[in-house]
Amino acid sequence: MRRLIATALACFAMATLATAQTFEERTQLCLGCHGEKGQSETAEVPSLGGLTSAYALIQLYMFREKLRTAEPMNDMMQGVSDGELQKLADLIAKMPPPKASAEPIDPERAARAQGLIAAHRCAFCHNTGFPGTDSVPRLGGQREDYLVKTLTEYRSGKRNEYQPVMAEIIRKLSDQDIADLAHVIARTGAK
């Protein structure tokens, strides 16, 4: 049901995007799914707040050029100029980081996740607390369902276009490992 609703919203957004004339109108369509203040309330749609302009620009460019496949983003970025991509990336970078899930962390899952984080050296790229860097996304406070979806896509090889090393690391993880990591990372960061 959630996927059906998300698909319907995406179709509506794409149809509306075709009639959107100004940058501001198109931006409002983006925020409809990703959240007005950078915190998504839409299932399996990432929160964008806290991403750097550099990282956001790379992702937007990859969507436009279909180097990263994630509909409806590929269609929505068609016809967007380089200048508008930069302007959108700069707007994203000004959004506050998403708030971490207020739900308590399960201690057993946290222990398993911390072991995985240490063993796979996640903080080497994403930094302690998962704030990310210029070229690595912020994960702390991200939607748990989106984290599960993304990690599962890395594991299956569906998503390896930007950081193939992630696919290599994640390929070894079980469904439970992915669920535990997502559980903890979604609850990491500002509350």
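Quick reminder: no glycine exception, Cβ is built from N, Cα and C everywhere.
In TrEMBL, annotation is done automatically, which means it is predicted and not curated.
Here the structure is a predicted model, which means the values were calculated and not measured.
Residues or ranges marked as signal peptide by TrEMBL: 1-20.
The domain 'Cytochrome c' annotation in TrEMBL covers 14-189.
Applying an 8 A CB threshold to same-chain residues 6+ apart, the list for His34 (heme c 1 binding site) reads Ser40, Thr42, Val45, Pro46, Ser47, Leu48. Annotation comment: TrEMBL describes Cys30, Cys33, His34, Met73 as heme c 1 binding site.
Residues annotated as heme c 2 binding site in TrEMBL: Cys122, Cys125, His126, Met166. DSSP gives His126 (heme c 2 binding site) a helix state.
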*asked:* What does the structure give for the C-alpha distance between Met166 (heme c 2 binding site) and Met73 (heme c 1 binding site)? Integer Å is fine.
replied: 21
_Top Cα neighbour of Cys33 (heme c 1 binding site) in the set of binding-site residues Cys122, Cys125, His126_ = His126
_Longest CA-CA distance among Cys30, Cys33, His34, Met73, per record bound to heme c 1, angstrom_ = 11
*Cβ packing number for Met73 (heme c 1 binding site), 10 Å threshold*: 19
*DSSP on Cys30 (heme c 1 binding site), three-state: which is it?*
helix
*asked:* I'm trying to understand the geometry here, so how far is the Cα atom of His126 (heme c 2 binding site) from the Cα atom of Cys30 (heme c 1 binding site), in Å to the nearest whole number?
replied: 25
